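**Q** I have a structure I would like to understand better, so I am pasting it below and will then ask my questions one at a time.
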């Protein structure tokens with residue numbers, strides 16, 4: 001069998017181009033520099049205890065006490081064992097670290113998806129570049145949304161595999177679908193997976209109609225069944241993460257409400273199943289935001305948009321301040337780092353593709369783009385999104401509806417490239433396509449001219465935050481002038497790129513230019529277009545040395561003072577900044593606050609009902625040993641709390657309450673040192689047992705690990721011990737042991753643990769060893785082996801076909 005190098009060269013070239021472009025854009029990475037991403041900086045704080053513990057012991061902990069009184073690490077540092085998707089992702093990244101590796105991965109997956117669909121390799125390269133370097137991906141990385149980017153980068157394989165499975169290439173499609181979905185799920189951003197799943201269901205409906213019309217309903221059923229089976233395999237590869245997340249989610253802000261309220265009395269996530277509507281829909285686009293799809297500065301770009309020294313805002317400051325960014329964004333979002341810009345060239349190709357591509361794929365992608373636009377408008381299109389929020393399963397578990405456009409960024413270049421692929425086929429009607437080209441180009445070019453010339457007269461360019469900018473000393477009229485100027489200049493910028501792209505296609509249809517030059521020209525224009533806008537929001541100046549990032553977590557004098565305390569386990573409440581939206585203090589201490597969007601609901605309830613109100617009973621029972629506050633001069637100072645109850649104590653009295661509402665309200669006026677509030681659901685725990693008083697009884701923590709707490713107790717009579725640890729159960733990982741024997745424990749005081757302790761001297765151990773995680777690792781191994789076996793079978797069939 002003679003090896004055909006001509007078939008390999010385009011693929012090798014593609015990899016070389018992808019690596020070159022990623023290295024050129026992110027070249028500071030090769031100098032050892034990093035991006036100080038907001039979410040990643042927060043991650044350093046929330047993960048510090050868990051990562052330090054693993055460095056010191058070599059043991060992974062699935063629980064951390066670094067924030068919110070304690071929570072699982074499932075969404076922080078927990079590893080996914082036995083997951084082959086990790087290796088697949090590393091290969092797709094060509095073993096580069098982020099960001100180079102991430103963006104190479106996006107191009108590799110997109111390229112493979114198009115190649116499998118029979119697209120020309122050079123067109124596939126163009127599509128891969130257009131997707132990976134779409135402005136949204138760059139903005140997401142700058143903000144630190146790395147798991148979202150990783151999930152998106154593999155999503156093109158899911159789309160390509162689904163299309164193949166319904167186009168008589170079931171085995172190949174099933175494999176591509178499974179690989180894409182496995183990597184997507186492994187990335188651990190289920191919101192992107194969920195949105196893509198909704199869109200694929202729309203595609204399946206289109207295929208169902210098509211198969212019914214062609215009398216091939218059986219083929220549809222087989223393809224659907226195989227894809228469903230592949231979905232379970234892909235889910236199985238990440239079972240250790242999925243099963244624990246599902247279990248954990250029940251007890252977080254995204255789970256069912258704990259506190260009973262009267263019908264209609266809904267004000268927070270404590271009282272609804274999932275997120276509260278207004279909270280979930282806070283980041284909603286308005287209609288004008290959507291024009292940023294092809295005119296990046298339509299609504300001002302970003303909330304900190306680059307401006308020149310000649311801008312109206314810079315001139316208005318008259319030397320009072322030297323700024324290079326201004327608050328130009330005036331769309332529907334509270335704020336934004338940058339627009340979701342798909343590229344003028346690629347958006348034009350998408351519109352043109354609607355006229356060229358035939359069959360269910362076109363109608364699906366058009367429908368999917370429209371649906372995502374509508375989803376992204378959130379509360380600004382409430383009649384539509386309220387229905388999905390109230391009635392579609394899981395929809396109310398996610399917030400920031402504008403993020404759905406991250407999935408749209410896959411569809412735009414996908415259809416655009418499929419359209420070009422059809423264009424370059426020999427059997428097309430060129431005269432007919434010229435008419436369609438005029439329509440597609442005319443729509444976009446006409447709108448660019450209108451907005452470029454008349455835009456300043458069509459809108460008022462005001463934003464809700466303008467009053468605040470005025471109070472800060474900015475000239476609001478100057479800001480509005482710069483907004484108008486940006487709309488005008490970007491409209492003509494997009495006009496130029498669309499005109500150039502349309503001109504290349506027109507020359508091809510007139511037989512004046514070969515397809516290779518069209519592809520080369522479109523690729524060049526796309527790179528210039530996307531790199532030019534991308535550099536507004538992520539450029540070399542944004543990268544800093546690794547040391548500079550680490551210096552963001554330099555301990556203050558107050559932190560150093562507290563860290564000198566040899567007590568192994570106590571909590572700190574830092575009120576010098578928003579204690580519940582910052583992980584800074586969690587980097588150094590075990591804190592009452594922290595930052596995590598998936599905190600335990602009971603922790604959030606304590607915050608809402610009591611901690612935010614300054615209830616010292618609750619802070620004492622959480623063993624808050626130190627407060628950090630600002631003095632009159634604004635300097636951080638330490639306030640020791642001598643009333644903190646410590647790690648554990650014995651109570652003298654038990655009050656049984658019927659409801660969770662009674663339990664949470666009862667924390668307002670009780671003495672936690674003497675009394676325990678117990679929900680009636682645990683009444684059987686006390687049958688035939690009464691608490692005895694003993695002044696000489698003692699219980700103390702003798703050994704601390706985040707996932708294992710050891711206590712010793714002494715005393716006469718049966719007693720109830722209360723522990724200043726967050727309840728997470730029942731049967732979700734925390735197991736209590738009395739002298740080495742497993743025993744039950746219960747919840748008291750709405751959020752703490754407690755257990756009966758008999759007379760005498762005893763050793764008490766709480767150990768976090770969730771069986772769900774163990775089960776998940778086994779399922780992950782089995783599913784990964786199935787996926788590897790499918791790959792082996794594909795290779796076997798390939799070589800078998802070659803021999804023939």
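Every residue, even glycine, has its Cβ placed from backbone N, Cα and C.
Where the annotation comes from TrEMBL, it is an automatic prediction and has not been curated.
Annotation comment: TrEMBL describes 12-28, 100-119, 125-143, 170-187, 193-210, 338-357, 364-384, 404-424, 436-459, 491-509, 516-534, 778-799 (among others) as transmembrane segment.
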**Q** Hey, does the transmembrane segment (170-187) touch the transmembrane segment (778-799), meaning at least 3 C-beta pairs closer than 8 angstroms, sequence gap 6 or more?
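**A** Result for the transmembrane segment (778-799) with the transmembrane segment (170-187) is yes.
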**Q** Given the transmembrane segment (364-384), which of the listed stretches 12-28, 338-357, 404-424 has the most Cβ pairs that are under 8 Å apart from it?
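**A** Selected stretch: 404-424, with the most Cβ pairs under 8 Å.
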**Q** Go through the chain and flag residues at least 6 beyond the ends of the transmembrane segment (125-143) whose CB is under 8 A from any CB in it; none is fine as an answer.
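**A** Distant contacts of the transmembrane segment (125-143): 13-14, 17-18, 21, 25, 35, 37-39, 98-99, 102-104, 106-108, 110-111, 114, 119, 149, 152-153, 156, 296, 302, 337-343, 345-346, 405-406, 409-410, 412-414, 416-417, 420, 519, 522-523, 526-527, 530-531, 533-534, 537-538, 542.
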**Q** Which sequence-distant residues neighbour the transmembrane segment (404-424)? Criterion: at least 6 residues beyond either end, Cβ under 8 Å.
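**A** Distal contacts: 110, 113-114, 117-120, 123-124, 126-127, 130-131, 134, 136-137, 140, 148, 152, 155-156, 159, 192, 195-196, 199, 285, 293, 340, 342-343, 346-350, 352-358, 361-362, 365-366, 368-369, 372-373, 375-376, 433, 505, 508, 515, 518-519, 522.
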**Q** Going along the chain, which residues at least six beyond the ends of the transmembrane segment (491-509) come within the CB cut-off of under 8 Å?
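**A** Sequence-remote neighbours of the transmembrane segment (491-509) are 294-296, 298, 343-345, 348-349, 352, 423-424, 430, 433-434, 437, 440-441, 444-445, 448-449, 451-452, 455, 515, 517-518, 521-522, 525, 529.
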